[in-house]
Structure formats: C-alpha cells, structure tokens
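Chemist: The structure is given below, and queries will be raised subsequently.
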C-alpha cells in the first residue's frame, strides 16, 4: 500500500458520496444505496490492485455488486482487503438528515476481521482513555475513568448511543451518572470516529450496533490511536431486533462456529479487528455531519468533504475537493 493507492481510495468514497447525494431527501434509501454501490464498484475497478471485498453488501446471492468475496481492481498490483459501506446511514440520506457518509476501511490482504452480519457491542473513546476504559466495565465505571482521563467532570461528558429499545437501561444509567446522552437513529461509524478528535463534543460511544461497521470504526480508531473494543452479540433477545426473526441464539452460535469463530464471547480490540500492517480509513460526507460536510452541488462544480486516516504515515487528512464540471465558467472559493 502506498500514497498513490490511498489517493485512489479517497476518490472511491468521493464518487460513492456524490452518487448517493443526488438522491438526498427524496425518501429513496434503497436507490441511494444502489447508486453509491455502483459508483464505488466502478471506481474500484480502475485501481491497479488485487482487491477483495471482505465486508460488503451481503453474500454473493444477496448482492449484485460489492458482495463478500468479490474481487475488485485490475487484478494486478498489491493485495488489498476492503470493508465497505457505500452509503452508511441510508435513512439519513433518504430523509436529508445529518451523518450519512460513504465509508470504507482497507488493509493488506488478511488485515481485516471478516465480521459476520451480526450485532456488536461497542465501546469507543479518545486516545487518552485507550486501554483504561473497558467494555467489561459498567457504564458508570467507564464514565468515571473517562472523566479522569480527560480531566472533565462527568456532567461535561457526552455519550453517543443508538436510539434503540435495547439501550433503555444503558441510557438511564448514563444519565443517572450525570453525563449527557446524544441518541442517534443511524450511522454509528462517524460517532465512533468523532471520539478520536477533541472539539467534536463527542467523548464516548457505547452500545450495540452492526458488527461490519464495527470493523470500519476499529480501523479508523486504530489509525488514530483511539480506544475501540467490540464483542459480537448473537442472542436476539439482547439485540431486540426483528431482523433476526428466523434465527435463534443456538442457530446464531452454530453460524459463528461454521465461520470458524469458536470463542463466541471474545472481546476484540481495535488491532484485532484491523490487524494489517497498513490500515486506511476513508469517509466522504453525503450529508453534513460531525466530522465533515456533505456533498454540495453548484452550477459549475460539485464539492466533497472527506477524511482519510492512515497508519502508513500516521496522518488524518481532511480533504475538500472541487469536482469541476465540463464547460465550467466560474468556480467560487
């Protein structure tokens, strides 16, 4: 992996974001996702690499493009594994709400955990709290530790939690400690990464979300030096979701075992979910969010706002790109 490849990876998420953004606010979440998938797949196909999708849009029989195991790129060059979410927060995009983005993680072949399409209990926190907070602790314990690490009182802390029924007790506990809760409807990747930057107003992410997005978050937090832990959730009673209507706890355990995951209660650290020597996170805003703006369409250009975090050179690059249209007459600053 090199800087040229990283630049091309940036362009992958930019093109996906632009494609989705054309449908922002139209209530067409599936169409927005499909547009992002197609644009991402098209741009990946132009990269000189032996790419492979390890986390994508589903199994081969479930998705026409960017399915798990799909080979992408020219077929020659460096081996790169990808975890992708071309339109993270499809509902946010469809309803023109904050926080939707095109996002991916990339690493050398074998460098990303092939997370099953399960749920994951997650804990993200700033670099100052790395290795000090722990997902095994109660929320109360972690808030006390976080308060000490950041030299803030607990009532100055803000914790992002997915707005789900399963988090009722968690939210009650956090508020009972005096900390603020910021519920979000979708899109916990951006919230997790925001914990890694001071000044975002986000100090911690707690609770259960999708496991594939956990790998993408872990890649970013590993590159940032932040704290991230994840533990797979295989009990539908804990996840409290209708998506697993046909699955039982026993059936999910069997699925994990068939995938080679025998330590089903393992707590994964960021460097286990994203273990490659070189790890890259790339995200581009579809709608405005915590970290960057969404796509802006102007008469003569399209503007994108993106973030690339890389272990290759230990950088986090915020990038504003002007995509100039054919026949443009004037580009404003």
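Every residue, even glycine, has its Cβ placed from backbone N, Cα and C.
So Swiss-Prot lists these for the protein:
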type	residues	note
BINDING	33, 57	Mn(2+) 1 binding site
BINDING	85, 88, 213	Mn(2+) 2 binding site
BINDING	88, 89, 90, 119, 164, 165, 166, 186, 187, 188	substrate binding site
Chemist: Where residue 213 (Mn(2+) 2 binding site) and residue 166 (substrate binding site) are concerned, what is their Cα separation in Å, rounded?
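Modeler: Cα-Cα, rounded: 18 Å.
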Chemist: Which whole-number value in Å describes the distance between the Cα atoms of residue 164 (substrate binding site) and residue 57 (Mn(2+) 1 binding site)?
Modeler: 23
Chemist: Relative to the Cα of residue 85 (Mn(2+) 2 binding site), which of the binding-site residues 33, 57, 166 have a Cα no more than 10 Å away?
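Modeler: So far as Cα distances go, the binding-site residues lying within 10 Å of residue 85 (Mn(2+) 2 binding site) are 33, 57.
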Chemist: Listing them in sequence order, which of the binding-site residues 88, 90, 166, 187 have their Cα within 10 Å of that of residue 33 (Mn(2+) 1 binding site)?
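Modeler: Those close enough are 88, 90.
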Chemist: Taking the center of the Cβ atoms of 85, 88, 213 at the recorded Mn(2+) 2 site, which other residues in this chain have a Cβ no more than 8 Å from that point?
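Modeler: The answer, listed by sequence position, is 89, 103, 187, 189, 210, 212, 216.
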Chemist: Among all the protein chains here, how many other CB atoms are within 10 A of the CB of residue 88 (Mn(2+) 2 binding site)?
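Modeler: I get 27 for this one.
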Chemist: Where does residue 164 (substrate binding site) sit by DSSP, helix, strand or coil?
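Modeler: In the DSSP reduction, residue 164 (substrate binding site) maps to coil.
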Chemist: Which has the fewest other CB atoms in a 10 Å radius around its CB: 33, 85, the listed binding-site residues?
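Modeler: Among the binding-site residues 33, 85, the lowest count of other Cβ atoms within 10 Å belongs to 33.
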Chemist: In angstrom units, rounded to an integer, how far apart are the Cα atoms of residue 57 (Mn(2+) 1 binding site) and residue 88 (Mn(2+) 2 binding site)?
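Modeler: Distance (Cα to Cα, whole Å): 11 Å.
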Chemist: Taking the residues 88, 89, 90, 119, 164, 165, 166, 186, 187, 188, which the record names as binding substrate, find the longest CA to CA distance and state it in Å to the nearest whole number.
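Modeler: Across 88, 89, 90, 119, 164, 165, 166, 186, 187, 188, the two farthest Cα atoms sit 21 Å apart.
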Chemist: Which residues does residue 90 (substrate binding site) neighbour through Cβ under 8 Å, counting only same-chain ones at least six apart?
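Modeler: Sequence-distant Cβ neighbours: 29, 30, 32, 33, 100, 186.
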Chemist: Between residue 166 (substrate binding site) and residue 88 (Mn(2+) 2 binding site), what is the CA-CA distance rounded to a whole number of Å?
Modeler: 21
Chemist: Provide the number of Cβ atoms within 10 Å of the Cβ of residue 187 (substrate binding site), excluding the reference atom itself.
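Modeler: The answer is 29.
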